[in-house]
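Q: For reference, Swiss-Prot lists these features for the protein:
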{"type": "BINDING", "residues": "308, 312", "note": "Mg(2+) 2 binding site"}
{"type": "BINDING", "residues": "308, 312", "note": "Mg(2+) 1 binding site"}
{"type": "BINDING", "residues": "451, 455, 459", "note": "Mg(2+) 3 binding site"}
{"type": "MOTIF", "residues": "308-312", "note": "motif 'DDXXD motif'"}
């Protein structure tokens, strides 16, 4: 980021602005127009209904099969992305499995693969099952038996199961180390598709992956399986393509809205990432019933990105102080106090939330927009504090930094906004979220520390000293490497908190909690290998976006 001297009409003086050199959008006008082929969509929908009935019958029949067969069927249906059609049936099956043998005494649990799949599925569905099920695979010294190293499928699912661990579950920590070591050794010698699955899993665990991304990958892998279920595979392909049509339609709406705002021309200092913003929303919820929610959340992410860059990459303290105050007052009459460039984003922000209120009033839910506004005011107030630190060269203590930075992670705002378009989200859910429950704080912490690790070098190059890493280094007199290790440790702890908070009993439904879990998953994918995939989407996000909203699956 190179400083630039510009003349401001707001105040007759030369102002040095740290103008950012963000790369342009990768997508141009690619997504601005899309029309659904209704004939194809109708054809897909009709066949899906038939396949849906057949799959439901298959699930019912599975109740009379072995435990291993039940679990494998549920796992395949979930990984193919069609489980949302059968939520009640799957929940009933898992509940029966859990209640029928709560101590896992069935002989089938002596199989590592069966035990691992069962443990992960039950944990992911909120059952607080004990990891002691894996003690039967350890020797007298409490070490995993070396004889297991030939069971690659079992090791792969043990690895996946280890990622749902919570605090003080040492056996799962050991399971992770044990499985990774043997899978890495075995990977070069395996045949496809198992070799591909192992390599992919070691790069991105299932539990921490974005569901829609993982579904697209698994469909291609499952097609290579020798003993695949052709009915389920065809169902998954049709459903993926039909849902993709809806996603393309929504992205077209968001892209046109973004183009009409013309921020690329009027606010050239800011990131042009509308497509990446929509990608995030597919990570939060991909199912068709969340269409309105996705569009609302995508627009909010795009808007907060503009506000963030205004504070971080362009504004000066005097301007930012007035901008912050105007947003706290949330009144269009405040616009005349602002410099010209700030008037643009201020009006767009207020207009957006007015649109939300009008849209939600149709369902009698306009009152919940208040909670999203309050989160917007909160994050802007915290942005101002960070902006002052940067401009004035102030370095806070790490505790002072984190107390402010959890809000600027954006996850308080985005989680609240993610509920706006969900008809099932009640005022009580927003009230619960406003208390900053443990799972929300964990998510914000995860987002903050992972972002800080990924952006440290860039921010250091801009002269930013009030970063989390720098604050920790100064407070504790340690090296950059040690500080980053500490922040990674904080991320690991946050993940355990998230995993723990989705286990029953829970204060809200799994539908509500899953949005928070999915936001955590987005961080794991977007900042893979300490890269800021949002600011620099070329390597990290571009392939996923192409897979999700450009390329359909060959039927």
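Using the three backbone atoms N, Cα and C, a Cβ is placed for every residue, glycine included.
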Q: What is the set of residues, excluding 451, 455, 459, whose C-beta falls within 8 angstroms of the centroid of the C-beta atoms at the Mg(2+) 3 site?
A: 452, 453, 454, 456, 458, 467, 532
Q: Write down the Cα-Cα distance for residue 459 (Mg(2+) 3 binding site) and residue 308 (Mg(2+) 2 binding site), rounded and given in Å.
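A: About 14 Å separates the two Cα atoms.
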Q: Do any residues at least six apart in sequence from residue 451 (Mg(2+) 3 binding site), in the same chain, have a Cβ closer than 8 Å to its Cβ, and if so which, in order?
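A: Set apart from residue 451 (Mg(2+) 3 binding site) by at least 6 residues yet with Cβ under 8 Å, we have 409, 523, 527, 532.
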Q: Between residue 455 (Mg(2+) 3 binding site) and residue 312 (Mg(2+) 2 binding site), how far is it from one CA atom to the other, in Å?
A: 13
Q: Helix, strand or coil for residue 308 (Mg(2+) 2 binding site)? Use DSSP.
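A: SS state of residue 308 (Mg(2+) 2 binding site) = helix.
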Q: Give me the non-local Cβ neighbours of residue 459 (Mg(2+) 3 binding site): same chain, 6+ apart in sequence, Cβ-Cβ under 8 Å, ordered along the sequence.
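A: Those within reach of residue 459 (Mg(2+) 3 binding site), by Cβ under 8 Å and sequence separation of 6 or more, are 467.
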Q: Could you check the binding-site residues 308, 312 and say which one's CB has the fewest neighbouring CB atoms inside 10 Å?
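A: Sparsest of the binding-site residues 308, 312 by Cβ contacts within 10 Å: 308.
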Q: Starting from the Cβ of residue 455 (Mg(2+) 3 binding site), draw a 10 Å sphere and report how many other Cβ atoms land inside it.
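A: A 10 Å sphere around the Cβ of residue 455 (Mg(2+) 3 binding site) contains 21 other Cβ atoms.
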Q: Determine, from DSSP, whether residue 459 (Mg(2+) 3 binding site) sits in helix, strand or coil.
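A: DSSP assigns residue 459 (Mg(2+) 3 binding site) to helix.
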Q: Take every residue in the motif 'DDXXD motif' (308-312), average their pLDDT values, and give the whole-number result.
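A: Result for the motif 'DDXXD motif' (308-312): average pLDDT 95.
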